[in-house]
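What TrEMBL says about this protein:
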type: DOMAIN; residues: 49-329; note: domain 'ABC transmembrane type-1'
type: DOMAIN; residues: 360-596; note: domain 'ABC transporter'
type: TRANSMEM; residues: 48-73; note: transmembrane segment
type: TRANSMEM; residues: 85-102; note: transmembrane segment
type: TRANSMEM; residues: 157-181; note: transmembrane segment
type: TRANSMEM; residues: 187-208; note: transmembrane segment
type: TRANSMEM; residues: 264-292; note: transmembrane segment
type: TRANSMEM; residues: 298-318; note: transmembrane segment
Amino acid sequence: MSVSDPASYPDTLPADIIDGNAAPVTTGRSGAPERVVLRLARPYLNRLLGAGLLAAATEFAALALMSTATWLLMSAAGRPPLDRLTVAIVAVRALAIGRGVLRYTERLAGHDAVLRLVTDVRTRVFAALAARRDSAGQRSGDALSRLVSDVEAVQDLLLRVLVPATAAGLVSVVAVAATMVVSPAAAGTLAVGLLFAGVALPVLATVLTRRAAAELAPLRGALATDAVDLTHGAADLAAFGATDRARGAATGRIQRLARIERRLAAAGFAVDALGVLVAGLTAGAVLLVALADGVAGVLVGVLAVGTLVAVEVALALVGAARQWTGLRAGLTRVAALLREAPAVTAATPPPGPAPTAVEIRFSDVTVRYRSAGPPALDRFRLDLPPGRRVAVVGPSGAGKSTLAAVLTGSVRPAAGRIVLDGQDLSAYPAELLPRFVGGLLAEAYVFHATVRENLLLGRPGAPEEDLNAATAAAGLARWVREQPDGWDTVVGEEGGQLSGGQRQRLALARALLAEPAVLVLDEPTEGLDPVAADDVLASVLAATPAQRSVLLISHRLRGLDAVDEILVLESGRVVQRGRHADLVATPGWYRDQWQLQEVAERGYLALGPLP
Ligand SMILES: Nc1ncnc2c1ncn2[C@@H]1O[C@H](COP(=O)(O)OP(=O)(O)OP(=O)(O)O)[C@@H](O)[C@H]1O
């Protein structure tokens, strides 16, 4: 059974959360992906600006170093008195050391700002992915790819695009201005060369790589999904003889990815070669123009070498443009998540004991997973006062798990209201709701940890006697006692070292230990044989304190005579309601199902133990 956010799920959580100490963060709803991402960079703007200036200073130091060194070498050839060279010698040393120091400081400042920003972005992307829960179409591999490689695109946007682009722009302006002092004509020639290197070639690189780059991020996402499917689904693929087919599909994607990357690399090399050509041609042209302009010999050499360095700095823009093109798809995916990211709240549950008795009322609750599709829950009504025990039954796909999901807040209704103690359920922050409503949801996850750690997830710090009581009610206590490591028995990844029934009992014990005021139990006895199922259901109901209410979802009708009311759901609607005795006496789904199950179980029990 799986449920997820319907199409009607709102983009943000309500701001009027009940303790009012959380403020929604506006991440913007429109604009280019860069703008959406950079809006989050505001708190780090000064640090980023500092990093940009330091990068420019580093490049400028490199330019000044090469120019001064050229002047020094060419002047030294004329054997002037040493004192005429002293300043240049000191400058070369200072620039050589200064460049290293500046580069180091720039890297430190840039990474400091960017890693802070990336932490924020990753938190919000994670919040958005978590808010979607298991929404239709969302794949864990793709989510992982968004969280890891797409968020790295944000880092690269700043460190490999914006910072170097700022530095290249500033150094180009300074280089042209300095050349202007020596020869305006040479400065004009340099400006043309810089425009080629810093504008025309980056545009060319963008055009050549844009289409291929747009395919890369989704393809990487699909490959990550393949990796998850091939590892998690390995046993099932092998059982159906489908391993080769699945591996073949993944290999096909890998080959496509490799082809695209080769194409990108080839285009990149071609543009790089053009860059070298532009640098050489610009240096040659500056040299000729400077000579024609009557610039003295030594300065001509300085201009030529300075031009080579300046053009090389401007060529960093080609790399930045290429990076930017490659990052856009990832940035777009991150921006899409940031736009829907719920407010990151600082809300924490208020201190004090968890509530033990609450009242819940469903008023005409309708849930739709697809806006045009039929409702999974249709104008559902129910009063669940403290202490009431209600069972929900019905055929497969009737909407039972959807009801549990709505009640635990993971799915929002498209219409109607769920009111918990006078407050709309949506007004409760996600951190607070489990204190009121919780329990065993469909396909509960068992962690790769010890039995104790898995249980304490339900109620951290619970004393051992409570662990004993919960495991006894779930029928797991004897098994725990028999294990050499007892509570410290490791249960394996996804509880893989347990039987299906033990896994279910462990998840059930954890739900009981959590002691929410409203206990939701979605198929608590799934995977247990009929006798064990009867025992477990009876002991779970007996172990739940009288003032706590229970919403029990079940395929199995035995044992439901212990609950106060039974609702029969069909296609999201309540078609029958009443107590067990009334329903078995009334023609309808419940009576038919009861008779079928009784016959089947009598047959099972008549088999008895094998000799
Ligand atoms: N994530 C989802 N996306 C789209 N439709 C969904 C999703 N989850 C459930 N549905 C649909 O909603 C309806 C109710 O599903 P739900 O899981 O609540 O039924 P159920 O009564 O719990 O079924 P079962 O007893 O088989 O577990 C079904 O038609 C199902 O296909």
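Yeah, the Cβs are placed from backbone N, Cα and C, and that goes for glycine too.
Counted as Cβ pairs under 8 Å, contacts with the transmembrane segment (85-102) are highest for 48-73 among 48-73, 157-181, 187-208, 298-318. Sequence-remote contacts of a segment are chain residues at least 6 beyond its ends whose Cβ falls under 8 Å from one of its Cβ atoms, and for the transmembrane segment (187-208) they are 168-169, 172, 175-177, 179-180, 267-268, 270-271, 274-275, 278-279, 281-283, 285-286, 289, 303, 307, 310-311, 314-315, 317-318, 320-322, 324-325. Counting Cβ pairs under 8 Å to the transmembrane segment (264-292), the top-ranked stretch among 48-73, 157-181, 298-318 is 298-318. Summed and averaged per residue, pLDDT over the domain 'ABC transporter' (360-596) gives 88.
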